[in-house]
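> Shown below is the structure under consideration.
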């Protein structure tokens with residue numbers, strides 16, 4: 001079954017979340033059930049790059065990965081869009097495991113897929129109020145319950161923070177799922193600038209502010225607060 | 001039994017290694033069996049702050065932690081110096097666990113302690129050639145074998161990289177212990193500057209260079225490459 005792919009690149013580092021710093025290849029799938037106001041990959045769902053979507057068999061994806069990365073990688077990250085929409089992604093997961101790859105995947109957790117349990121590093125990133133999206137907590141509860149029971153790898157929650165409402169949302173998330181590791185990530189609110197130095201200073205100030213708020217919290221004790229390292233290194237550039 | 005302590009501070013984020021970003025309190029013990037050329041905490045072993053060393057019972061350390069951090073933390077990081085020199089640190093580990101804390105500890109892995117198996121996030125950071133130190137691999141083998149068998153938490157290796165010899169050392173480390181998660185960390189070679197902006201630019205360039213080298217490697221596939229986030233945020237400032 002063919003998979004809609006917009007980008008394959010790497011190896012590079014994973015710049016964020018539970019395996020931050022990990023040497024990895026990236027596969028970016030097209031299509032999303034959300035349309036977050038601050039999405040940094042709008043091209044995956046806004047139609048602007050519809051003509052660039054490649055429909056690829058798992059074997060073809062593997063060929064593209066090895067063409068880019070040679071034999072210099074052991075980890076593949078599947079991102080989107082929302083790759084959790086693709087019921088038949090299990091075939092790619094199976095193939096990558098046959099090739100001895102570890103697999104990370106990121107999804108907002110709006111839809112369950114049985115193959116989630118085979119993802120080595122699964123990030124659920126429900127979207128906070130600033131996104132303009134609504135979290136279906138009933139569905140998220142179900143997904144997290146199934147992962148608690150069956151997951152073969154590890155999974156975590158990640159919430160991007162742009163403002164205090166988002167932080168309140170993260171607090172609720174932490175109280176709802178206290179046993180699930182929670183990553184708070186500084187939101188990038190300047191996706192347009194090509195002035196990397198300006199962006200870096202701005203993002204570091206935002207990071208420090210978020211740290212200050214979390215350090216004051218009596219509820220957010222067992223959390224991790226992280227930036228997007230790729231933004232520090234390469235600004236808003238794509239494909240790095 | 002009293003423990004020699006030089007710093008207690010937090011909560012802040014752990015800026016590096018396996019739990020990068022984690023909200024944590026820091027305890028810095030005095031004393032080290034090494035004298036790394038680029039050590040960023042020389043005051044723990046060079047005698048310059050001998051008069052500031054406090055000899056504290058575990059209960060007194062807990063009091064100091066709560067005085068600083070109130071009830072706003074659930075994680076404590078023990079660093080040094082080399083806290084792995086302190087045979088009786090088991091009492092502090094026990095007390096912190098009774099207080100429902102998670103515990104991280106960093107040691108170069110030059111000496112085994114039975115209480116290592118109770119550390120939740122244990123980092124072994126053997127020192128590469130640029131440090132001027134010699135790794136006792138026989139001892140490190142023994143420590144890693146015991147951790148593989150008995151460790152109740154998780155443990156990882158971390159190597160700080162200043163030059164290509166250090167990277168070769170890391171490659172050997174990865175080949176010797178392929179099953180142990182390996183973190184490569186950018187070395188800070190300007191510990192004196194108080195110009196944070198200059199340091200930031202310099203450290204980001206070093207980080208990008210290290211990433212480039214690791215991405216080209218056919219051996220370093222399953223590694224993580226990370227900066228020291230506290231240096232990006234606060235430069236060479238102590239106690240943050």
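Each residue, glycine too, has its Cβ placed from N, Cα and C.
Reproduced below are the annotations present in TrEMBL:
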BINDING   B:13, B:14, B:15, B:28, B:79  substrate binding site
DOMAIN    B:19-236  domain 'Radical SAM core'
BINDING   B:32, B:36, B:39  [4Fe-4S] cluster binding site
BINDING   B:38, B:39, B:40, B:81, B:125, B:126, B:127  S-adenosyl-L-methionine binding site
BINDING   B:41  Mg(2+) binding site
> For the binding-site residues B:14, B:41, B:79, B:125, which Cβ has the most other Cβ atoms within 10 Å, all shown protein chains included?
B:14
> Among the binding-site residues B:28, B:40, B:126, B:127, say which ones reach under 8 Å of chain A by Cβ distance, listed as they appear in sequence.
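The binding-site residues close to chain A: there are none.
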> Using a Cβ-Cβ cut-off under 8 angstroms and a sequence gap of six or more, which residues of the chain neighbour residue B:36 ([4Fe-4S] cluster binding site)?
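Set apart from residue B:36 ([4Fe-4S] cluster binding site) by at least 6 residues yet with Cβ under 8 Å, we have B:127, B:131, B:132, B:133.
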> Near residue B:32 ([4Fe-4S] cluster binding site), which of the binding-site residues B:14, B:81, B:125 can be found within 10 Å, Cα to Cα?
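Of B:14, B:81, B:125, within range: B:81.
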> If we check Cα distances from residue B:15 (substrate binding site), which of the binding-site residues B:38, B:40, B:126 wins as closest?
B:40
> Quick one: largest C-alpha distance among B:13, B:14, B:15, B:28, B:79, binding substrate per the record, in angstrom?
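Taking every pair among B:13, B:14, B:15, B:28, B:79, the longest Cα gap is 15 Å.
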> Among the binding-site residues B:13, B:14, B:41, B:79, report those whose Cα falls within 10 Å of that of residue B:126 (S-adenosyl-L-methionine binding site); none is a fine answer.
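For residue B:126 (S-adenosyl-L-methionine binding site), the binding-site residues whose Cα atoms are within 10 Å come to none.
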> Counting only residues 6+ apart in the same chain, whose Cβ is under 8 Å from the Cβ of residue B:40 (S-adenosyl-L-methionine binding site)?
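Residue B:40 (S-adenosyl-L-methionine binding site) has long-range Cβ partners B:188, B:191, B:236.
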> On the 0 to 100 scale, where does the mean pLDDT of the domain 'Radical SAM core' (B:19-236) fall?
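On average, pLDDT over the domain 'Radical SAM core' (B:19-236) sits at 97.
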> Go through B:13, B:32, the listed binding-site residues, and name the one with the sparsest Cβ surroundings, counting other Cβ atoms within 10 Å.
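Fewest other Cβ atoms within 10 Å, among the binding-site residues B:13, B:32, is found for B:32.
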> Of B:13, B:14, B:81, B:125, which binding-site residues come within 10 Å of residue B:41 (Mg(2+) binding site), going by C-alpha to C-alpha distance?
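Hits: B:81.
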> Same chain, not part of B:32, B:36, B:39: whose C-beta falls within 8 angstroms of the C-beta centre of the [4Fe-4S] cluster site? Give them in sequence order.
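Nearby residues not in the site list: B:34, B:35, B:41, B:42, B:44, B:45, B:81, B:127, B:131, B:133.
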> Give the sequence-ordered set of same-chain residues, not counting B:13, B:14, B:15, B:28, B:79, with Cβ within 8 Å of the centre of the Cβ atoms defining the substrate site.
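Apart from the listed residues, the neighbours are B:12, B:16, B:24, B:26, B:77, B:230.
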> By CA distance, which of the binding-site residues (B:13, B:14, B:79) lies nearest to residue B:38 (S-adenosyl-L-methionine binding site)?
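The smallest Cα gap between residue B:38 (S-adenosyl-L-methionine binding site) and any of the binding-site residues is with B:79.
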> If you count the C-beta atoms lying within 10 Å of each candidate's C-beta, which of the binding-site residues B:15, B:81, B:126 ends up with the smallest number?
B:15
